[in-house]
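To start, the structure under review is shown below, and the notes come after it.
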Amino acid sequence: MGRLASRPLLLALLSLALCRGRVVRVPTATLVRVVGTELVIPCNVSDYDGPSEQNFDWSFSSLGSSFVELASTWEVGFPAQLYQERLQRGEILLRRTANDAVELHIKNVQPSDQGHYKCSTPSTDATVQGNYEDTVQVKVLADSLHVGPSARPPPSLSLREGEPFELRCTAASASPLHTHLALLWEVHRGPARRSVLALTHEGRFHPGLGYEQRYHSGDVRLDTVGSDAYRLSVSRALSADQGSYRCIVSEWIAEQGNWQEIQEKAVEVATVVIQPSVLRAAVPKNVSVAEGKELDLTCNITTDRADDVRPEVTWSFSRMPDSTLPGSRVLARLDRDSLVHSSPHVALSHVDARSYHLLVRDVSKENSGYYYCHVSLWAPGHNRSWHKVAEAVSSPAGVGVTWLEPDYQVYLNASKVPGFADDPTELACRVVDTKSGEANVRFTVSWYYRMNRRSDNVVTSELLAVMDGDWTLKYGERSKQRAQDGDFIFSKEHTDTFNFRIQRTTEEDRGNYYCVVSAWTKQRNNSWVKSKDVFSKPVNIFWALEDSVLVVKARQPKPFFAAGNTFEMTCKVSSKNIKSPRYSVLIMAEKPVGDLSSPNETKYIISLDQDSVVKLENWTDASRVDGVVLEKVQEDEFRYRMYQTQVSDAGLYRCMVTAWSPVRGSLWREAATSLSNPIEIDFQTSGPIFNASVHSDTPSVIRGDLIKLFCIITVEGAALDPDDMAFDVSWFAVHSFGLDKAPVLLSSLDRKGIVTTSRRDWKSDLSLERVSVLEFLLQVHGSEDQDFGNYYCSVTPWVKSPTGSWQKEAEIHSKPVFITVKMDVLNAFKYPLLIGVGLSTVIGLLSCLIGYCSSHWCCKKEVQETRRERRRLMSMEMD
């Protein structure tokens with residue numbers, strides 16, 4: 001049943017698909033045009049196959065029966081001979097608007113062009129379907145539209161602003177068809193044109209841009225007079241109404257449900273000239289008034305308007321002789337309703353019809369400037385509206401206020417002058433010989449700095465600080481940070497004295513300083529206005545710059561001594577060009593030049609700062625903590641002593657002295673540093689010579705094995721009893737193939753037999769022991785990969801002197817021995833292999849077990865037996 005119901009739907013869709021084909025369209029309704037206008041007929045094609053760009057052929061028939069070729073988009077010889085000349089002149093042309101659309105344009109249509117126009121398209125389809133042409137009828141009407149002005153030639157109207165005027169034009173049509181007329185009034189002023197008011201073909205009014213408000217107020221109107229006259233009425237003319245007025249009439253006809261314009265005509269109606277109103281405003285040019293008196297200015301108006309215009313007068317003030325510049329302000333205003341708007345100190349009065357007075361009471365210096373009188377004439381408009389008909393601004397009236405200027409002098413002197421850097425500087429700026437009242441005048445100061453220059457170049461001044469009329473101090477860029485740090489201090493100790501102090505004068509502060517004292521006069525509104533500036537003479541802050549000189553001489557009172565005696569050295573200091581110096585001393589020792597183990601080593605022993613505080617620097621001999629003394633003998637002399645000298649103390653000793661100069665508070669500034677001549681300690685001995693070497697029977701081991709390293713000491717020269725010598729032994733390692741890394745201390749054994757072992761980050765252990773008198777054994781137990789590298793020992797011998805004291809010899813170092821730690825490949829891979837084999841076996845057995853269980857229980861199929869009939873054989877024997 002369902003299949004039968006769907007058959008009609010399928011048949012309908014099939015028939016629709018079969019009927020679908022090319023569609024050519026032109027306007028369906030008859031096109032009506034007027035002789036002399038342009039005819040445009042569009043044509044388009046849709047639902048076609050083939051290329052996207054289609055070609056079009058146009059044909060014409062006056063009666064609709066036989067068509068003559070008119071134009072083609074693809075065949076040059078298609079048009080008939082009758083239309084070849086019009087095509088060449090461009091009166092007939094085809095304009096493609098899209099790949100599937102084209103327009104036929106016929107300019108200057110004539111009655112002979114009335115008829116039927118056919119648009120056809122050549123076939124590009126696989127099968128011929130649809131329509132390939134379409135026809136539209138065109139009617140050509142005679143020109144029956146008549147448009148003209150009310151008077152010929154067009155008149156020229158000369159008006160003044162505010163006066164009314166009217167313009168008329170006639171328009172009528174004798175068309176046999178039902179048409180509507182539309183009318184537009186347009187004004188031309190130079191190249192620009194503006195629409196004033198329009199009456200559409202639907203009978204609606206549309207004011208032009210800028211005329212909306214005047215149209216709604218009734219100032220601009222459009223109405224008809226009789227059957228064919230249209231009147232434009234303007235109740236009050238404006239300057240913008242000047243220009244040439246045109247009347248543009250268009251004829252419209254209903255076409256395909258819409259209105260189509262079929263022709264348009266324009267005519268010049270009149271030229272309107274708006275004569276500007278004469279308006280001038282005059283004020284006195286220069287006026288002088290004493291401070292505290294009244295300022296009276298008169299503005300006289302001259303105009304040619306005698307109608308009911310109303311003036312609006314505004315008085316404004318500016319510091320500049322140009323009222324258009326920013327900064328001018330309005331003092332008083334009299335509007336067109338004779339209402340005055342002003343401040344309490346300003347009055348505006350109307351003396352007569354052409355004179356207006358401005359009165360400013362209690363004038364002061366701030367009233368000096370330029371005064372302007374601004375006059376506007378307003379004429380009444382429609383519906384109680386007003387519009388401006390004239391405007392004028394007077395020339396400026398210069399007003400000068402004479403007042404008693406404060407009279408005073410300014411002197412600047414330096415109460416403190418620096419002699420060195422970091423000394424304070426103090427300047428005092430005094431105001432003297434004042435001759436004005438204290439109640440109405442106050443003084444402020446500005447401080448300036450100018451750099452010294454040897455050349456004649458002009459140097460600009462830099463602002464240090466400026467004080468406003470309310471005594472608010474503002475810092476300049478040069479002094480802002482130092483003033484915040486308290487280094488620059490600006491103060492006012494008395495009413496007539498301003499002070500500037502530099503707590504710590506630097507070399508950059510040298511130069512010329514001057515002050516500017518400003519007088520401020522109190523105004524009637526209790527504000528203060530600057531009235532005068534007086535400059536002081538500059539004061540030069542300068543001191544000669546000389547290099548600081550510091551000389552240190554060291555001497556040795558007892559030049560000859562033996563080991564175990566006391567070494568004494570004194571350092572004498574002399575300085576120049578350093579202010580109130582204090583000295584800090586550092587005693588330093590250098591290895592002798594002949595000591596090849598460390599030729600550039602410098603050791604700081606003891607120091608004494610500028611406050612006489614003693615500090616041990618790198619003196620690490622625990623047995624001689626009190627063995628060195630540094631003391632201050634005089635302000636410029638220091639003495640260094642070293643008790644119980646040893647052979648290891650040999651070297652060059654110097655005094656490094658630093659001179660310190662005091663700055664603000666308890667701070668000190670480093671002024672200079674100098675090094676003394678060296679004093680040498682040299683022991684001429686014929687004692688033994690010690691050497692150290694490292695030996696290992698196992699330079700290459702497997703990880704986990706024991707590493708043995710022997711530090712062997714040999715003695716050359718005089719034989720010593722084993723009890724007369726002892727050793728401090730330290731083991732170091734550089735864990736790299738080269739010696740590019742810093743050595744790491746492993747373990748040490750001092751001469752008293754105390755062993756110290758450094759902390760390690762891996763599992764191997766260290767042990768250090770003395771095997772014999774001259775042999776020391778370092779053992780690494782359970783060696784790791786990190787234990788590879790260069791190993792060496794450092795030995796410090798101690799020898800007992802004949803007096804029974806122990807003398808420390810120079811430290812010696814052995815040459816390094818490289819130790820390699822290898823990995824045991826069999827042991828490394830034994831357990832991983834066993835674990836892998838075991839896991840593989842377990843996984844294989846488990847896989848077999850899973851397969852067996854799956855095949856036995858999950859995949860077993862039930863087999864049905866075929867029933868067979870079993871019949872016994874019958875015996876063939878016959879009874």
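Glycine is treated like the rest: Cβ placed from N, Cα and C.
Worth saying up front: this structure is predicted, and the values here are computed from it rather than measured.
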Inset, instruction - Choose one of C43, C247: the cysteine that Swiss-Prot connects to C169 by a disulfide bond. - result: C247
Legend entry - Disulfide-bonded cysteine for C515 as listed in Swiss-Prot, from C429, C655: C429
Legend entry - Disulfide-bonded cysteine for C43 as listed in Swiss-Prot, from C19, C119: C119
Legend entry - Among C571, C793, cysteine joined to C655 by disulfide in Swiss-Prot: C571
Inset, instruction - From the ranges 224-227, 304-307, 424-427, pick the one that Swiss-Prot records as motif 'Endoplasmic reticulum retention signal'. - result: 424-427
Legend entry - Cβ contacts of C655 (disulfide bond) (under 8 Å, same chain, 6 or more positions away): V552, A554, M569, C571, V585, L586, I587, F638, Y640, L675, S676
Legend entry - Spatial neighbours of C119 (disulfide bond), counting only the recorded positions C247, T271, C429, C515, N525 and Cα distances within 10 Å: none
Inset, instruction - Quick one: average pLDDT across the topological domain 'Extracellular' (26-832), no decimals. - result: 86
Inset, instruction - Please list, for the domain 'Ig-like C2-type 2' (149-268), how many residues fall into helix, strand and coil according to DSSP. - result: 8 helix, 73 strand, 39 coil
